[in-house]
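Residues or ranges marked as transmembrane segment in TrEMBL: 6-27, 48-67, 73-106, 127-148, 168-189, 210-229, 241-259.
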Amino acid sequence: MVTVGSIPMLLELATSIFFPFFIIVYLRNARHACIKYRLPRRTAVPMVLLTFYSICTPVITVFGQSWPGIGSYFLHFILIPFALVLFLVTEAMIVVLFQITELLMLPQTSTPRKVRRLTFYRWMLHPPVQLVLSMIVIMVLISPFLSIDINSLMLPDATAINIPEFEHAVDVLSIEIALLLLIILWLSWYISHVVDNFGLRHSYQQSFRGLLLVLILVALMRLVALYTNSTIPEDLHLPRFFSTLGAQFLVYFHIYLPVRSMQTSGQLITRRPRSSSRVHPNNLEEQKAILEKFLSQDHFFKSFLTFARHEYSIEPLLAFKALLQYNAGDRTVDDAIQLTQLCMVPHCELESEVGKKLWPIYNDKLNASRNSKAYKAPINFFHTFQQALLTWIVKEMLSNYAQHPLGVEYAAFARKEKSMDRLDIVLACVEDVDDS
């Protein structure tokens, strides 16, 4: 029966019905950089269960008080432990993945003890091990609730939830959730700072704070109902309101916020190729790849250019910028001619050692393009020039820039790119295990 006291639950229901849409968007963009490091397929499973809970609980509370109480029993004492255990297993996997990635990034910081510990914990990445551990923990958690008389659960929901057995089970469930919360917090401390570029540690710690607040509020409502004559908690269904709010908190932090970050980040879906040239620290090819991404962003380019004006020749940097503009355009033969006249021909405006060395080669290429009467230049026409410029900048300028105050942003950017590369390698191994 709908009353004024049902309004809070109806508001939660109105919010929760949008969660399936966000979960679909989350999974459809599982390769996006803001999402894929959260193990989206595994994260989505407990989030689907919590969404089911946050939709069904208001429906039963408002419209199903005459329905059998077994519905509420299933939602609270079976589904919630199941969802939280799967949530914890996913968090544990993320901790192990990030620790392994940090070891790949910073092998000099490893110790024999740390390596042995990671070798042991890597078994958490195997699905059969996860399944067995999850089932054991779930059975331990739900076993106290299996003794409730089935006949009591067939009573109307409004009656069943007030029987002593049900109320005692709620107390036990609250203790179990509190213990799981401590594990959530404990695991979050081990999420690597070095690898965590998308706020996973923050998400899990916020989850802890949100669920802790819910537990406190539910306990307060129980105390108010027990020691006062106030009917407000019961009239407004506040215990169920707060428990549903807890489920919504988790979906908000682990589904909605990553989707929102994806929409505002402007980053494309990323899946780097598995290339041996990108997995070794201080490798020239890796440095060039990172520098190319860095200089492709205007505010980073301006920072590098400001540094170069004081210490170095800026022509190679400006030539690289001109190359980026060329690649973003139509890349016609006329555009290619203009670029060579700007950056390569003797005594040109952006003359550099790299341009002078490659001018004879590109002069022949342009003559061949003119003779063929082609309208557009080949796609990789300036690839050699671009790579040569990046090599020169890396060897002549990058190390000093990274140590300069202006290079602080580059150091953070490079660390992020390297951590994502190493994490991609580890994720690929996990995906191979899942698919095998």
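Backbone N, Cα and C define each Cβ position, glycine as well.
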Proximity of the transmembrane segment (241-259) to the transmembrane segment (127-148), 3+ C-beta pairs under 8 angstroms: no
Outside the transmembrane segment (127-148), six or more residues from its ends: residues with CB under 8 Å to it: 73, 77-78, 81-82, 85-86, 89, 93, 165-166, 169, 172-173, 176, 433-434
Positions whose Cβ lies under 8 angstroms from the transmembrane segment (73-106), at least six residues beyond its ends: 37-39, 42-43, 45-46, 49-50, 52-53, 56-57, 60, 114-115, 118, 121-122, 124-125, 130, 133-134, 137-138, 141-142, 145, 148, 153, 160, 166, 169-170, 173, 176-177, 180, 183-184, 187-188, 190-192, 194-196, 200, 204, 243, 247, 250, 279, 281, 418-419, 422-423, 425-427, 430
